[in-house]
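Q: Mind having a look at this structure? Questions to follow.
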């Protein structure tokens, strides 16, 4: 569309029709939508075979940004989402590609993928959410199904979606990429995250399972984790707790973050393998890989190095207090955690077992500034 009449123009994506600009920096799709619940600039409901590419999608919002993640921004505005890809009843959207798009000045989720499959988002830049407060604001991308319901085997299951080679620019993002509501077999790979307010990649404690997080570069997450599994908070029916089983976290690079990778709230059977976590030098009491209630977590082949901040531990296991606002759901000790063939060097401290049952340590290389290894009374561990 090169020109249009005065008045309101609505764009509804249609199967088999592509929407292309000339360049992401030169073609601008701007909306005046502001504080409209459920609003989106582009929406696809039960559509397929669509390409959206080479443009900026923004809003006319001109309020003040904030990095406050505990209170909602009174100046927030813009649409809830820029792109919303969804089902219509049992029918999903599928075979949709978002390529070389800049999304900004939204309130809740720049791109929202729900009850859909085979959606690829690549070479896309996420930035400048207008609200980072609680209640689902400030997410770059959310891949989600139905709260507490596994749709495996149904057409509108949420699976086989990919986010790759994209950039998530803080500080005005609460989370960069989020997977929630029993979404499974999705992939986040080769992306760059910088300075998000909370967890850059967040498996949101909604039973999401068998997702793969690989090859991402994450820097400067000062009040959260580079990659987090399990979560407190939320309210019924979408109150948070554990992530699901079998999520695979590998070959990521995480620098200068309060926690590199965290596993909490009873999240089971997570495989954490071949990640590089380094260069946290000023964030006190930080950790490379932190497991609370994470039964069956495998920590294998990771390099954790040069994290010299006071109180830093390369690998830290401790008791999970659970969610105090929900009857302490998720409370418990780390159980049956395998820590194997990791190289943990040049950090303030190495492996700290502050709680745990059935922990197995095997063939780790430790060479750190203060303590290489600490085991609290009552921890049961086998060392090989």
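Note that Cβ sites are derived from N, Cα and C of the backbone, with glycine treated the same way.
Just lifted these from TrEMBL, have a look:
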type     : residues : note
COMPBIAS : 1-12     : compositional bias 'Polar residues'
REGION   : 1-24     : region 'Disordered'
DOMAIN   : 93-233   : domain 'Right handed beta helix'
DOMAIN   : 246-370  : domain 'Right handed beta helix'
Q: Helix, strand, coil residue numbers for the domain 'Right handed beta helix' (93-233) per DSSP?
A: 0 helix, 68 strand, 73 coil
Q: For the domain 'Right handed beta helix' (246-370), give the DSSP counts of helix residues, strand residues and coil residues.
A: 3 helix, 57 strand, 65 coil
Q: Between 0 and 100, where does the mean pLDDT of the domain 'Right handed beta helix' (246-370) sit?
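A: Mean per-residue confidence for the domain 'Right handed beta helix' (246-370): 97 out of 100.
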